[in-house]
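Visitor: Structure in structure tokens, see below.
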Ligand SMILES: *Cc1c(COP(=O)(O)O)cnc(C)c1O
């Protein structure tokens, strides 16, 4: 997308605004598909939690994607978008047995990540096939908040618990049809990922009725110029070869599954916000914008870097700014950042705003959440209206109190 397209959309739909470029989502999807073209049965299950707008889900469905979900509401969104239950996998963590049963009743593939629920579920529903989430205890790198493979992680069934797991499967007579791992975000070293995959292959040999092996996600995308990213093509080459050899050994053409969120939608997203105030202080120049961490929490939450451009003055002289939000708390998007000279009223554009941005937005400070627009075939389509004050009060139940003060 070009800066003037974005400026036009900001004018047309107002700000702050999320814009997603459909073509970029498609490019990423086909890039991953091509990297694994040597695998006979490939399944890409888009991780809904990254960006859960129904129109985005429909776009992915059109490309042949399945879905990875973590809540029954995400499952319902997927079904609403037209996904068949069989093309949805449900990978919750710490949810109730009741919710898992409800999702299973819909015909969705269940993925269980702890022995307690596995035992209860297997005893009650031995005929429903289940995938198991293994924790191989391999750190593929990255931020400790988004790495989930380490020894202290709450995710997955430890690979060291395999004997206990096998006993549960035998005792209940349940059917394990898939094995899964998701080591968390930011695969920097493909060899480390392949090492974790070996643990999964070894574990897989314990089960006779597998249909798929799910390698989760964690594809790292670039946030800055020259940033490292997962070399998907190299991973595709190496893992495909190893996977095909494993299928030979196993004696069956299994499906290789992935469940990327960030990889598919991060770079497709642009967040647009207007500068309300340029404020000089003794130490810096603040650019105060008409949004805050209520709409884009990643910089405050994870220390994430989002590249910021002044699309109103792209050719302006570079200066240094602290870009801050309007929330009445520390609310910093960027400190000491080089940006083309900013005037009040300019529109700033945040890159990599497709994944975990709108989906983490809140109404904190009683602010409405932004609108979302999908840029599709050269046109902006509104896919979510900006909220109004009505949305803020919708579920509030207002009590009546006596006028006079209560005396004790
Ligand atoms: C969040 C999540 C993903 C997606 O991770 P990305 O880093 O966005 O690709 C995949 N699988 C599971 C189980 C997840 O919880």
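Keep in mind that glycine also has a Cβ here, set from the backbone N, Cα and C atoms.
Curation does not apply to TrEMBL; its annotations are automatic.
Found this in TrEMBL, in case it helps:
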- 328: active site, proton donor (ACT_SITE)
- 218, 356: pyridoxal 5'-phosphate binding site (BINDING)
- 298, 302, 329, 356: substrate binding site (BINDING)
- 23-266: domain 'Orn/DAP/Arg decarboxylase 2 N-terminal' (DOMAIN)
- 49: N6-(pyridoxal phosphate)lysine (MOD_RES)
Visitor: Determine the Cβ neighbour count for residue 298 (substrate binding site): the number of other Cβ atoms within 10 Å of its Cβ.
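Guide: I get 19 for this one.
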Visitor: Find the one among the recorded positions 49, 218, 328, 356 whose C-alpha lies closest to that of residue 302 (substrate binding site).
Guide: 356
Visitor: Note down the number of other Cβ atoms within 10 Å of the Cβ of residue 49 (N6-(pyridoxal phosphate)lysine), including every protein chain shown.
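Guide: The Cβ of residue 49 (N6-(pyridoxal phosphate)lysine) has 16 Cβ neighbours within 10 Å.
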Visitor: Can you check which residues sit near residue 328 (active site, proton donor), meaning Cβ under 8 Å from its Cβ, same chain, 6 or more apart in sequence, and list them in order?
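Guide: Residue 328 (active site, proton donor) has long-range Cβ partners 365.
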Visitor: List, in sequence order, the same-chain residues at least six positions removed whose CB sits under 8 Å from that of residue 329 (substrate binding site)?
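Guide: Set apart from residue 329 (substrate binding site) by at least 6 residues yet with Cβ under 8 Å, we have 293.
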Visitor: Across all protein chains in the structure, which of the binding-site residues 302, 356 has the highest Cβ count within 10 Å?
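Guide: In terms of Cβ crowding, the pick is 356.
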Visitor: Quick one: Cα separation, residue 218 (pyridoxal 5'-phosphate binding site) versus residue 49 (N6-(pyridoxal phosphate)lysine), in Å?
Guide: 14
Visitor: Please report the Cα separation of residue 298 (substrate binding site) and residue 356 (pyridoxal 5'-phosphate binding site) in Å, rounded to an integer.
Guide: 7
Visitor: Measure the Cβ-based neighbour count of residue 218 (pyridoxal 5'-phosphate binding site), defined as the other Cβ atoms within 10 Å of its Cβ.
Guide: 29
Visitor: Per-residue pLDDT averaged over the domain 'Orn/DAP/Arg decarboxylase 2 N-terminal' (23-266) comes to what?
Guide: 93
Visitor: Taking DSSP as the reference, which of helix, strand or coil describes residue 328 (active site, proton donor)?
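Guide: Once the DSSP labels are grouped into three classes, residue 328 (active site, proton donor) ends up as coil.
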